[in-house]
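What TrEMBL says about this protein:
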type: COMPBIAS; residues: 15-33; note: compositional bias 'Gly residues'
type: REGION; residues: 1-77; note: region 'Disordered'
type: REPEAT; residues: 81-176; note: repeat 'Solcar'
type: REPEAT; residues: 192-280; note: repeat 'Solcar'
type: TRANSMEM; residues: 249-278; note: transmembrane segment
type: TRANSMEM; residues: 298-320; note: transmembrane segment
């Protein structure tokens, strides 16, 4: 949910799970219809053997909307559906690219315009840095409207590769059927299913992240060239050659570790928090329990993404640090020895959440940034 596309994170980072499957529902409806026909053909019984123990009605199982067998996304593994997801993802990526572009420039500390004096809710005068819209207008003045889409091509390729990778993994390792359990008596069983589901999501996210990260690095470096007006990384193929020549194979994976850690913490935090809230705080007798449970994971995703933002920031800074571009060198950034060094530096400067807000960007006391 930042410049790296957590997809979500996510993509928001971590997809929503536990929605009722259409295939299972259709099967239940078909079974009910067959039962009606059978009762119409057979003569009615004289009496029921066990009136106090009626046969329980079949309940359609809830399945993940991620291409699991028989679920709502059961057709996700077909080439046509996969191509549709890639196309939709490309559209969303293109529309959101200016937002993430400005966010990345703020993350590296590039402030081309000085702060202005404003007032807070208490009426006190404070300094505010330009908002996203002001920053975007400045980029248009310098590079034109097309300048807002600098670095878009490798980012589109990165997201497409991630989508295809996840789809291929679902074919090779199809997810098991996951039923939604909400009763407190079934807490142990429900928790096991949540752990199993989250482990599956984590495996797919980590593999897709590792395969797509080289293109993510190229995209980051193409965008931060705006700071020093460089043209070192102009195309995907030429950028691959430059990185391999100057930094070797490891150059394609700088910043990967904090991104992976952020993804893992996000998935487990979001899924476990949503599970415990749905199981302990949302009573089944409540009339809107199903609706509340459907939004719990979404709300938890927003909250957890704020807590894991420092991993995103550190990963993006490491991707451009000491790569020959002005944005990765002093005064914008020291040359970091590792991502832990970067984390500690940002922590001491009070900048671990730099770029997390794009509208009301108040200048904190003791903060430092390079103003053009």
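Even glycines carry a Cβ here, placed using N, Cα and C.
What TrEMBL says about a protein is an automatic prediction, not a curated fact.
Counting residues 6+ beyond its ends, the transmembrane segment (249-278) has Cβ neighbours under 8 Å at 4, 6, 8-10, 13-14, 17, 182, 190-191, 194, 197-198, 201-202, 205-206, 209-210, 213-214, 217, 240, 243, 292-293, 296-297, 300-301, 303-305, 307-308, 311-312, 314-319, 321, 323, 339, 343 in the same chain. Counting residues of the repeat 'Solcar' (81-176) by DSSP class, helix then strand then coil, yields 65 helix, 11 strand, 20 coil.
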